[in-house]
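Enquirer: This structure is in structure tokens; I'll ask about it shortly.
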């Protein structure tokens, strides 16, 4: 096994992958609003090249930041000088990446069917796209593959449609991996796709849903970014579009929707991880979904699955104004997190985006809700920060299983409350 690790490290170096040796993830606890604002000042210091995994929000809420080795001393001195508490969550980011690569290397095999596909390891874009083709070939009466667009770099953007027939039926949308480094989401999407085919005709609740509604599943919403996380930079978040006025690449695709676009909760700096882009829907990965959802016209639920933090969120993120359906969505969220917790005891918080975490503008579920899709929710999957975006592959199946119970709860409510 040690030999595999050495091989994977050497391979990464040979391929020119970005190195994170000595980088640490710090958990900062801002006790009051003044300390939150002080941390935001730190966030604005671009020369430190900080990567906020969980940004500043409510006082007392965890703030997780990856600090490059050359910036560690400066950041720690800054925090200590302001009396702001912090602790080290990840001692060395590269060591986790090496373990992840070793596990993937050891698990490599070409699946000949979806039954032999390894759901307990992370997969590349090509492997996931091959899986889609296998699934469609095995279940042609239930599953079809739609191409809804092409990414900035020209990759096909695929959606799996699960349907038992009929035209323009009420539908449920699920997307995963809009932030490319959140690998647990794409892996969960693959598991979901297989689960749909297994449970139809076997599980009465899911069968009732698919007998009346269609489900559209976008497993890799940001294919360029996802491919880049495998080839160059495991922690890449954004799209890969080029902004003519900047050397920095990419847009935060979950700040690019036409819902409070450009307001507080996104950045106008192309070098920021939360850069909103030049205009709403500038990213083809976003525009493809917008056009598809609008053209369809009969979506009743819109679920966007992210990681991490163990949260179930509903609109709004860009304004403190409560949505008209707050009472109902809050109850649905409560029921969903209770169902999710019932399997492994994983606890989720729930509420509106802006009151539960922080202000975020230009988000997908704010847009979908404003389009009249009442049941709009965002999941933030495991964990709460021990591994962050580098969740071990051993947690893929448990995460997918428990998340499925929450998703199924929302689907059932949608079916029973069609509007």
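Placement of Cβ uses the backbone N, Cα and C atoms for every residue, glycine included.
What Swiss-Prot lists as active site, proton donor/acceptor is 380, and the listing cites sequence analysis. Annotation source Swiss-Prot lists Zn(2+) binding site at 179, 182, 306. The feature substrate binding site is assigned by Swiss-Prot to 179, 180, 181, 182, 237, 254, 255, 307, 308, 358. Positions annotated as disulfide bond by Swiss-Prot: 248-271. What Swiss-Prot records for 121-414 is domain 'Peptidase M14', and it gives sequence analysis as the kind of evidence. Annotation source Swiss-Prot lists signal peptide at 1-16.
Thinking about packing and proximity, how do these listed features fit into the structure?
Expert: The Cβ of residue 380 (active site, proton donor/acceptor) lies under 8 Å from the Cβ of 306, 307, 308, 309, 310, 311, 312, 313, each of these being in the same chain and 6 or more residues away along the sequence.
Within 10 Å of the C-beta atom of residue 306 (Zn(2+) binding site) sit 21 other C-beta atoms, taking all shown protein chains into account.
Residue 182 (Zn(2+) binding site) carries neither a helix nor a strand DSSP state and counts as coil.
In the three-state DSSP reading, residue 271 (disulfide bond) counts as coil. Over all protein chains present, the Cβ of residue 271 (disulfide bond) has 14 other Cβ atoms lying within 10 Å.
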Enquirer: In sequence order, what residues of the same chain, 6+ apart, have a Cβ less than 8 Å from the Cβ of residue 255 (substrate binding site)?
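Expert: 261, 265, 266, 267, 274, 275, 276, 277, 360, 361, 362, 363 - these are the non-local Cβ neighbours of residue 255 (substrate binding site), listed in sequence order.
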Enquirer: Let me know the largest Cα to Cα distance in Å among the substrate-binding residues 179, 180, 181, 182, 237, 254, 255, 307, 308, 358, as an integer.
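Expert: Comparing all Cα pairs, the maximum is 21 Å.
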Enquirer: Compare the C-alpha of residue 179 (Zn(2+) binding site) with the C-alpha of each of the recorded positions 237, 248, 271, and give the closest one.
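Expert: Closest candidate to residue 179 (Zn(2+) binding site), judged by Cα separation, is 237.
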Enquirer: What whole-number Å value do you get for the CA-CA distance of residue 182 (Zn(2+) binding site) and residue 237 (substrate binding site)?
Expert: 8
